[in-house]
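Per TrEMBL, phosphate binding site is recorded for C:Arg86, C:Gly124, C:Thr125, C:Arg126. Marked as domain 'Exoribonuclease phosphorolytic' by TrEMBL: C:10-140, C:158-224.
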Number of protein chains: 6
Amino acid sequence: MRPSGRQLNEMREVSIETNVTKHAEGSCMIKMGDTHVLCTATLEARVPPFIKGSGLGWVTAEYGMLPRSTTSRMRREAAAGKQGGRTVEIQRLIGRSLRAGVDRVALGERQITIDCDVIQADGGTRCASITGGWVALRLAVNKLLKAGDIVTDPLISPVAAISCGIYAGQPVLDLDYPEDSEAGVDGNFIMLGNKNLIEVQMSAEGSVFSRDQMNQLMDLAEKGVEELAAKQLEATA
Amino acid sequence: MRPSGRQLNEMREVSIETNVTKHAEGSCMIKMGDTHVLCTATLEARVPPFIKGSGLGWVTAEYGMLPRSTTSRMRREAAAGKQGGRTVEIQRLIGRSLRAGVDRVALGERQITIDCDVIQADGGTRCASITGGWVALRLAVNKLLKAGDIVTDPLISPVAAISCGIYAGQPVLDLDYPEDSEAGVDGNFIMLGNKNLIEVQMSAEGSVFSRDQMNQLMDLAEKGVEELAAKQLEATA
Amino acid sequence: MRPSGRQLNEMREVSIETNVTKHAEGSCMIKMGDTHVLCTATLEARVPPFIKGSGLGWVTAEYGMLPRSTTSRMRREAAAGKQGGRTVEIQRLIGRSLRAGVDRVALGERQITIDCDVIQADGGTRCASITGGWVALRLAVNKLLKAGDIVTDPLISPVAAISCGIYAGQPVLDLDYPEDSEAGVDGNFIMLGNKNLIEVQMSAEGSVFSRDQMNQLMDLAEKGVEELAAKQLEATA
Amino acid sequence: MRPSGRQLNEMREVSIETNVTKHAEGSCMIKMGDTHVLCTATLEARVPPFIKGSGLGWVTAEYGMLPRSTTSRMRREAAAGKQGGRTVEIQRLIGRSLRAGVDRVALGERQITIDCDVIQADGGTRCASITGGWVALRLAVNKLLKAGDIVTDPLISPVAAISCGIYAGQPVLDLDYPEDSEAGVDGNFIMLGNKNLIEVQMSAEGSVFSRDQMNQLMDLAEKGVEELAAKQLEATA
Amino acid sequence: MRPSGRQLNEMREVSIETNVTKHAEGSCMIKMGDTHVLCTATLEARVPPFIKGSGLGWVTAEYGMLPRSTTSRMRREAAAGKQGGRTVEIQRLIGRSLRAGVDRVALGERQITIDCDVIQADGGTRCASITGGWVALRLAVNKLLKAGDIVTDPLISPVAAISCGIYAGQPVLDLDYPEDSEAGVDGNFIMLGNKNLIEVQMSAEGSVFSRDQMNQLMDLAEKGVEELAAKQLEATA
Amino acid sequence: MRPSGRQLNEMREVSIETNVTKHAEGSCMIKMGDTHVLCTATLEARVPPFIKGSGLGWVTAEYGMLPRSTTSRMRREAAAGKQGGRTVEIQRLIGRSLRAGVDRVALGERQITIDCDVIQADGGTRCASITGGWVALRLAVNKLLKAGDIVTDPLISPVAAISCGIYAGQPVLDLDYPEDSEAGVDGNFIMLGNKNLIEVQMSAEGSVFSRDQMNQLMDLAEKGVEELAAKQLEATA
C-alpha cells in the first residue's frame, strides 16, 4: 500500500557514515533512504552572551538545504537574503532537541554548533538532521573527553527523531516525500534512547485527528526511535 | 501551589469583547487573565497565486507583540528589519490551525487575514491568538453569510487552543508567564470544539517527559478547550 | 459643512485613559474621535552612546500602526522588513517634540522610550501620539519623582500637538480622515502648554497657500493646544 | 556677528551652472556658498502604477550625499543597506515641493525623476536641492516643449527653498553649517516665485520659539526666495 | 619545497564522480585533493527576462560554501542575510566562464543553472567549481540531446580552470590552501580544452609581479588545463 | 575604425584636477574623455579590527555611480538596499590595487579610505577610479608627511590602470562605452609606474582569445600606464 512497498511500521534503510569531512570536530553523513544529510559539529571556546560566566555549555544548530536537493530547484536562501520560516523553525527544533540530551554543567562553558545540510531530500530531513546531528555531537564530545578537557560525559543518552503520519487512512512509520505530501496528519517525535519524550509535534493541515490515532502514531514512533538509537550507538562505538 | 493560587486544572478568567475596531470585518479583544490580544479579520477578494482559479478560499494569519507588551521592552520587529523566528513560527501555527476548521470550498475564492497583536503579555499569547482569531474569523464570515455572498457556512466548528505544562512537577492547565518561565515541559493543544485534534506541540527544554505525563496534559487540554469553545460560541451568538 | 458636522474651530471629542497596561512605567490610551493610540513609556538606566557620561537624559519615540487600524489593511512593517518613510518621519517628530519639553539635566542619565501604536486610525495619528506620548512620559517621570530617583521635575510644560488645514476652502481645526484626504493644505502644530512653538509643519500637495491662511491656521492651532493641554493636566493630576 | 561675516538677511553667493552632465535630460550644479549639489532630471515614458491610465504626470526625487561631502566621512548608504530616515524625509520633501509647481495634466502621463546628489555640504543641502532640482526640471521640460511632445508648459512658476533660523538669538537668512549646528530653531521655507507657500517646516530642538519669531523668519524667507527665483530664471533663460 | 611534496608543475589528484544526486539533471562531485565540490545542473524552460523571445539560451551559476567546509567555521550566508562579495564574484565568474563554451543558439531558449557547493575546502574552490560545473552541464545537455529536445550539441569544448601562483618565489601549479595563504601572487586561468583563453585573473596582494612571471604561470596553466580537460571527457564519456 | 576616430593605441584625453572638495584630506576629479570620477581620500586614526595593534596601515576603497551617470538612469543602490555584485567587485579591486603600491609599515596604524564616485560614465570607470584614487591617496599622504606624522613616504610608486580589448577584431587601448559594449574581449591592467604588474583581468563573454592576443593587449596596456603615471605625477607635483 505504501508507494515504497514498505510495511506500515517499517523504516527506510538507515546508514550513518562518520568522519566524512576533515575540518569538523565531528561529522557524519546520515542516509534515511534517499534523504541524505551532512551533519558537522564545530567546537568553540566561546558561549553566547546570555550564559557567559555561568559555567554552562551551549549546543545550537543551523539547517540548510542545497538548492537542488529537491525535485525542482529551490531558491538559495543566501541569495534570497534570509532564511525562510521553515528553516528557522527546523534549526530551532534541532538545537532544542539536542540540548535536552546534554548535561550542560558537565559540558562546561563551551559551545558546539551542529550544522545540518541536506544534500538530497526525500522527506524527513528534520528528523534525519537530529539523529545525525547527535552522532556529530557525540564524536566532538568524544574528542573533548579523550583530550581530558572534560571528565564527565555530558551526553546522557542518544537523541533520535522520527516522523510518523496518517497516510491513506493508515498510521505509517517514517514518511518519505511521496507519503508526506499526501498525508493528512504528520508528526515528528523526538526522544531519548530510553523513549523519554523531548518534543512531540503533530499537525493536520485541512484535516483533524483523534486521540486514538495520536496514540497509534506514538507507538510507531517508539519503535522507530529504538532502531535509530541502536544505529547511533553502533556508528559511534 | 500555583503562583496565581489557581487549581491545577483551572483556567484563567477569559473574556472576549467583540467588534472593538470600526474598520475590520471582524474583531475581538480576548483576555486570558493578563494576556490581552487584539484579533482582527480582514476580508479580501484576492487569493494567493498558488490557489488562483482553484475556487478555494484561504485563511492566513500574522502575529505581533507591541514593544512594551512585556515586562521589559522588546525591540520592535519593524525597526529590527525582520520578524524573529518565534514570530514566524507562531503566525504559521495560527494560520494552519484556523484553516483546519474551514471548508475552503464553501468559503470560495477569497482570503481572510487574521491579525493577532498582543497588547499585554502574561503567557499563552499564541493560544489566545488562535482562540480569539477564530472569533474574528467567525464574525467576518457572518458578514459574508448575511450579505448572501456565500450560502454554506464554511466554519465547521470552533477552533480553540490552550497551553498545559509540567510546573513544579505537576501537570497544570493554562500556564501564565511565571509558570511558563519555570516549566520543564510545556505544550500547546489546538482542537476543534468536538475535541478532535488539529495540532499538538509538546516540548521540553533541558528536560524530558514520559508518555504518562503526556496523557495527563492531554486530559487537561480537553477540559480547557471545552470551556474555551463555549466562550467562543457565546461571544459570537 | 464638515463631514462630521463640527464647527470650523471645533476639535473632536478627546479622552485620555491612563495606566492601561500593567508592564509600562507610564501608559495611556488617547482617543481623538475615532483615532485611538496606545502610548507607553519605558524607563531604562542606559542612554545612547552619543551622550554616555554627559549626565544628560534622553527621550526617544517609536511609532507603528496595527495592520488593520486603517480602512483597508496595510502591510505589516515587520513583515515588509523595514519601517516606511512616513513611519520614520513621524517617530523622529514625536521624539524631537517631547524632548523640547524636557530639562535633560534634571532628568539625569536615563532614557525614556515612548511607544505610540495606533489601534484605530481616523486622521491626526501623529498629533494624538505626541499628546498621548506626553501623558505616558509624565506618568513615568512621576514614578521617578515619587521614588526619589530625581528631585527636580524635568518636565517644563505639557507638549501637545494638533493638526489644522484648509478644507473646502476653509481653515478647520483637527482634521479627521475624510477631511485630511481632501485637504489642499494641512499642518501640524506642536507647542508647549504656554503656546510657545516647538515645531510647525505646513504642507500643500499640488496646491499652495498664502501667508494669511498660514496665520489663520496658527490661530486655530493655539485654540486646540490650549484645550489639549488642559486634558493632559487633568489626566495626570 | 555671523561666522561668515554676512548680514543677518544676506544669502550666500549663489551660482547655478546648467547642462553639466551629458546623459541627463536636464542638469545643473547649484552652489550656495560651499554647499554644492548636482541635480539631474530623468525623463521616462512610464508612470507609477497608482496613476497609470489617469493621464496625469508625476515628478519624484531622490537625494544622496557622497560619503566625504561632509567634514568627517559618513557611511555610504548603499553599503549600510538602507537610506537613513533623514534621507527619506528629504527626498520626499523635494518631490512634494516640486510637484506643487507642476500642472500634472499639462505634463501628461510621463515621469520626471530629479536626483539631487550632494558633492560638498555646508548646510542647507535640502533647500539647494529643491532650488537646483527645479532648474533641472525646467530644462527637461523645455526639451519636451521644444520637441512638441507637450504643448502647454506644465511649470507654473519656479519653486525655490531657503532656510532661516534663530542663531545667537537673532533671526538669520540662509544658515551655513556652523550656524545650523548652533541654531536653537531652524526652518525651511518652500515657495513659488510669487511667494505663495508650498511647505513650511520650523523646528526647535531642546528649545522653543514665539509666534513673533516665526513671523520674522517668514519675512527673511520671502526675501531669500525672491532672490533665488531670479537666479533660477536667469539660469534657464 | 611545496608543503604537499608535489613538484612545481604537479596538480593534486583529481577525481570526478558523476550522477551523485537523484534530482538534478546533471551532477558530479569533483575532488581536487582535499577540495570537494558538489556541482549540480538544473534545467528549466524559462529564461531571464532580458533574453525572452530571443531564441537564445542562458547558463548561470551559484556558489556556496558549507559553514564547516573550512578550518574554522564560517558564518552561514543565509543567516548573515546576504552573499558576501567573494561569493558574488565567484559565482559571476563561474557563469561567465561556462557561457564562453556554449553555443547559445544551439541551446535554444532554456536556462541551465549550475550550483556549486563546497563540501570541503583546501584552496582552489572556484577552479574546481568551474571544472566540475562543466561536467554537470555536459550531463544535463546530454539528456536534452538524447531526448531530441535539441539537435546540435551546444557545448563547443570543455571549459576548465586551474590556479597557479608564485609560492616561495617559485611559480607553482594548482595551489592548495597552505600555499594559497602564503602566495604573493595568484592567478586563475580559465580555458577551453584547446587552450584558448576565456578568462585570466592574476592578482598580487601587497606585492607585484613581472611580465616574465606572468608568462611562466601561463605555461603551467596550459599544462593543468590539458590534464583537467582529459578528466572531464573521461568522466562524461 | 574606432567610433571616436582614435588610433588603436591612443588613449582618450586625460585630465586630473586636484583638491576639488574642501573636506577631504585628498581629492581629485579625473576625466578620461567623457568618464568623470570624483575621488576623495579620508584619513582616519583607527584601523580595521583584524590589524589592530599590528603597527600596519590599511587602504580601502568604496565605489558608486550616481544614478544618472549613465545613458539611462540606474536604480540608486542605497534605495535598492544593497550594493550590486559589480560594485562590490570593483571596490574590492580598487582597494587591493592601491594597497599593492603602499608600504604599510611606513604608513603606520592608520586607515585611508578612497571613495570613487562616478559623476559621468563612458566606459573604463574602474580604471579611472584606480588612477584617480591614487592621486587622492598621494595628496592625503603628502599631508601626513608635511605634518611630520610619518617620516618615510609609504607610496612606492604610482598605481595606474587601463583597459584594453579586442574591438572589431583589433586590439585597442582604453575602451570607451560604445567599444566596451561591443568588445568580445576586454581586460583591465593595473600596474605600478615601473610597469610591474599588480592585477590583470582579461575576460571574454561568449568568445575566447589566444595567448598572442593576450600579449598584444599587454603591450598596449604598458603604453597606457606609462602615460597615466606621468599624468599622476604631474598632477601631484
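Just so you know, glycine gets a Cβ as well, placed from its N, Cα and C.
Same-chain residues that are not part of C:Arg86, C:Gly124, C:Thr125, C:Arg126 yet have a Cβ within 8 Å of the Cβ center of the phosphate site turn out to be C:Tyr63, C:Ile90, C:Val118, C:Ala121, C:Gly123, C:Cys127, C:Ala128, C:Ser129.
Here the binding-site residues are C:Gly124, C:Arg126, and the one whose Cβ sees the fewest other Cβ atoms within 10 Å is C:Arg126. Residues listed for phosphate, C:Arg86, C:Gly124, C:Thr125, C:Arg126, cover a largest CA to CA span of 13 Å.
Under DSSP, the residues of the domain 'Exoribonuclease phosphorolytic' (C:10-140) split into helix, strand and coil as follows: 42 helix, 41 strand, 48 coil. Shown are the binding-site residues C:Arg86, C:Thr125; of these, the residue with the fewest other Cβ atoms within 10 Å is C:Arg86. Looking just at the domain 'Exoribonuclease phosphorolytic' (C:158-224), the mean pLDDT is 95. Using DSSP to sort the residues of the domain 'Exoribonuclease phosphorolytic' (C:158-224) gives these counts of helix, strand and coil: 18 helix, 30 strand, 19 coil.
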